[in-house]
Amino acid sequence: MIKLVLIRHGQSLWNLENRFTGWTDVDLSKNGLSEAREAGTILKKNGYTFDVAYTSVLKRAIRTLWIVLHEMDLTWVPIHNSWKLNERHYGALQGLNKDETAKKYGDEQVHIWRRSIDVRPPALTEDDPRYEANNPRYKTLKKDEFPLTECLEDTEKRVVDYWHSEIVPSLKSGEKVIISSHGNTIRSLVKYLDNLSSDGVVSLNIPTSIPLVYELDEKLRPIRHYYLSMDGEVPEGEIPKHISF
């Protein structure tokens with residue numbers, strides 16, 4: 001049996017402010033730092049170890065991973081960064097307060113932008129200061145490949161591509177893998193692994209910085225999955241609450 005650990009970054013400053021974040025490089029909040037330390041302690045207490053780690057090029061996921069590995073005394077573990085593990089790009093919504101956006105466009109429209117599979121939010125324009133195609137972290141991306149907005153389907157496509165090209169070979173070679181990423185990125189991977197329908201993924205929420213364990217067979221098909229707490233495996237359907245850490 002193969003185990004894969006997925007973890008969404010700890011609470012970010014814009015999570016705290018209830019703003020659309022997307023590809024904006026926002027750091028962790030004080031609470032998010034605590035959540036990351038807690039996650040590392042949970043994994044260590046439950047006897048987990050890792051040979052390789054994967055994350056995005058956004059600091060909230062990177063820092064979460066650093067803290068988790070530090071708490072586990074695994075700072076030597078190789079880390080691979082890729083924009084393909086970035087959060088979904090929220091286009092022109094990035095930086096906007098979610099409640100204020102709902103007042104402007106209506107709750108239903110914002111819900112469609114956030115939760116539908118194939119509807120993209122309004123796109124950025126290339127003259128928008130939030131457009132970052134020239135940022136060095138995206139030097140491997142051609143200008144016409146850089147997204148101006150994304151739907152969940154777009155996100156799933158790049159995540160699954162990275163899964164097959166980079167992560168699957170690691171798992172098949174026997175390496176113990178952790179992925180530190182983002183809410184919609186993990187939703188996309190879970191949708192793919194569990195073969196969820198579009199309706200099934202709409203209500204799927206990934207909590208911040210709670211280790212999610214997938215047990216996979218030799219063909220990397222899911223056997224089962226569960227969240228971890230200080231006391232071990234959490235019963236199916238339950239999500240553990242954070243403790244003060």
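Glycine residues also receive a Cβ, built from the backbone N, Cα and C atoms like all the rest.
Over in Swiss-Prot, the protein carries these features:
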type	residues	note
BINDING	8-15, 21-22, Arg60, 87-90, Lys98, 114-115, 183-184	substrate binding site
ACT_SITE	His9	active site, tele-phosphohistidine intermediate
ACT_SITE	Glu87	active site, proton donor/acceptor
SITE	His182	site 'Transition state stabilizer'
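Structural mapping of features recorded in Swiss-Prot.
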| residue | record | Cβ neighbours (10 Å) |
| --- | --- | --- |
| Arg8 | substrate binding site | 28 |
| His9 | active site, tele-phosphohistidine intermediate | 33 |
| Gln11 | substrate binding site | 23 |
| Trp14 | substrate binding site | 20 |
| Gly22 | substrate binding site | 26 |
| Glu87 | active site, proton donor/acceptor | 27 |
| Arg88 | substrate binding site | 29 |
| Lys98 | substrate binding site | 15 |
| His182 | site 'Transition state stabilizer' | 28 |
| Gly183 | substrate binding site | 18 |
Between His9 (active site, tele-phosphohistidine intermediate) and Gly183 (substrate binding site): CA-CA distance (Å): 8
Assigned element (helix, strand, coil) containing Glu87 (active site, proton donor/acceptor), judged by DSSP: coil
Euclidean distance between Cα atoms of Glu87 (active site, proton donor/acceptor) and Trp14 (substrate binding site), Å: 13
From Gly22, Arg88, Lys98, the binding-site residues whose CA lies within 10 Å of that of His9 (active site, tele-phosphohistidine intermediate): none
Rounded inter-Cα distance in Å - His182 (site 'Transition state stabilizer'), Arg88 (substrate binding site): 8
Between Gln11 (substrate binding site) and Glu87 (active site, proton donor/acceptor), the C-alpha gap once rounded to whole angstrom: 14
Local backbone state of Lys98 (substrate binding site), from DSSP in three classes: helix
